[in-house]
Amino acid sequence: MTSAQPVLRDEEQRPRRSIWSRRFVLITLIGLIANLAQYMSIALVPVASAKLGGNAFMVGVVTGAFAITALGSRFFVGVVTGRFPKRALLFATLLLITVAFAMYAAAPNLGVLLAGRLVHGIGMGFLAPLTLALAADALPENRMASGIGWFSMSQAFSMAAGPAIGLALLGATSIRIPFLICLVTTAAAAVMAWGLPRQHDIAPERVRLRAESFFAREALRPAVIVFFLASGFASVNAFVVLFGREHDIASVGTYFTVYAATMLAARPITGRLADRYGVRAVMVPSMVLFLMSFVVLALSHGLPMMLAAAVLAGLGYGVCQPLVQSLALGSVAPERRAVAGSTNYFGVDLAYLITPVAAGGLLTAATGAFGSTGAGYTAMFLVMTLPVAVAIALALRTRRTPRPQEDSL
């Protein structure tokens, strides 16, 4: 009898291509630069609105106008990417954002600033799904989860550092100088986009306008999952600072620092685990940790417990969000990744539009019922475990992701 040969698993038989191709590195840098400028502007636009004579209401209008056009433009991502190369669209999108920063810097009145905000929203509505799709196109199929995890870290870093950089520049210069810096850096990102290697570009097709041109049905489940997850996180973003003040907790902003640090440390590790064992095997436990973070936060009366909740949220939402994105991208053919990414971002956008209002109403009702604002916050955060529980139930019904075959060169 011949001796039995050892059976190797698929991932041991296939060579593991590095994710760090020139194309992927460039796309990640482009996303980092563009998002850093965007999050700098979040801190700058309200100040500019006030300096131009806007009252509190107009400051809110100018700041919020961005979200309207960003959400509206996502409907057209699939149509446009079906007709034009994604590389050229990314270049045009970054030029549009550059124009928005020029309008910010030169704005003589609130009308021009508002117009710039609307233009900026259109650009950012296209930027996120385009860069996500281009990053996925540049990755080996069997390294998708870890690659998207690394790519999404650029956005996470921008979220953490952008507002602080913007405010630091504002403290040292006039309001126009930070906008001009954003203009120059975004223009540099546009030049980098034009220089992206073309060999892996997926040829666009002349598509008929159908429902699938605007929305990827295959990515619906990941979009619904991320909606419920983002609903929970949006409630924390909206109310954790006020919650801390209610309990006289000093340095409550440390919550976000600890969250970001935990997320940045965990994503490279969990991405590799997802590539090895499947997305669901990592995603579901991270969702359970996210749910636990609400329980810990609801029971917090001091900074240590709040920071423990931040660690759980970083290991939870911070880990599972890019994993859900990788599910959405893997559900469609490569040429439809932009519309799948856009569909996924719909879930996030809707959560951030709806949840703060709903959570605020819940907080008001709970405060009235229990006669205490502190008890109202506790009840609100405990109730916000429900959307996370729904996301867990949906994730458990998701098919196990098969280990993908190595993509052809």
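Using the three backbone atoms N, Cα and C, a Cβ is placed for every residue, glycine included.
Annotation comment: TrEMBL describes 23-403 as domain 'Major facilitator superfamily (MFS) profile'.
Residues or ranges marked as transmembrane segment by TrEMBL: 24-45 (among others). Taking Cβ pairs closer than 8 Å, the transmembrane segment (24-45) reaches residues 62-63, 66, 90, 94, 97, 101, 104, 113, 117, 120, 124, 127, 131, 134-135, 138-139, 147, 150-151, 154-155, 157-159, 161-167, 169-170, 175, 178-179, 181-182, 185-186, 188-189, 192-193, 195-197 in its own chain, all 6 or more past its ends.
Away from its own ends, the transmembrane segment (57-77) comes close to residues 45-46, 49-50, 110, 113-114, 117-122, 124-126, 129-130, 214, 338-339, 341-342, 345-346, 349, 352-353 of its chain (Cβ-Cβ under 8 Å, at least six residues beyond either end). Taken from TrEMBL, the feature transmembrane segment applies to 57-77 (among others).
Only residues 6 or more beyond the boundaries of the transmembrane segment (89-106), in the same chain, are considered here, and those with a CB under 8 A from a CB of the stretch are 30, 34, 37-38, 41, 44-45, 48, 80-81, 112-113, 115-117, 119-120, 122-124, 126-127, 130-131, 134, 176, 179-180, 182-183, 186-187, 189-190, 193-194, 196. Marked as transmembrane segment by TrEMBL: 89-106 (among others).
Taken from TrEMBL, the feature transmembrane segment covers 118-136 (among others). Here the transmembrane segment (118-136) has Cβ contacts under 8 Å with residues 23-24, 27-28, 30-31, 34, 38, 41, 65-74, 77, 80-81, 86-87, 89-90, 93-94, 96-97, 99-101, 103-104, 144, 147-148, 151, 196, 325-326, 329, 334, 337-342, 344-345 of the same chain, all six or more residues outside its ends.
The transmembrane segment annotation in TrEMBL covers 148-171 (among others).
Residues or ranges marked as transmembrane segment by TrEMBL: 177-197 (among others).
For 218-243 (among others), the entry in TrEMBL reads transmembrane segment.
What TrEMBL lists as transmembrane segment is 249-266 (among others).
Taken from TrEMBL, the feature transmembrane segment covers 278-299 (among others).
Residues or ranges marked as transmembrane segment in TrEMBL: 305-329 (among others).
If you look up TrEMBL, you'll see 350-371 (among others) marked as transmembrane segment.
Residues or ranges marked as transmembrane segment in TrEMBL: 377-396 (among others). Residues 221, 224-226, 228-229, 231-232, 235-236, 239, 242-243, 246, 280, 283-284, 287-288, 290-291, 294-295, 297-299, 359, 362-363, 366, 369-370 of the same chain, all 6+ positions outside the transmembrane segment (377-396), place their C-beta atoms under 8 angstroms from a C-beta of that stretch.
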Annotated stretches the transmembrane segment (177-197) and the transmembrane segment (218-243) touching (3 or more Cβ pairs under 8 Å): no
The domain 'Major facilitator superfamily (MFS) profile' (23-403) [mean pLDDT, rounded to integer]: 85
Cβ pairs under 8 Å between the transmembrane segment (350-371) and the transmembrane segment (218-243), at least three: yes
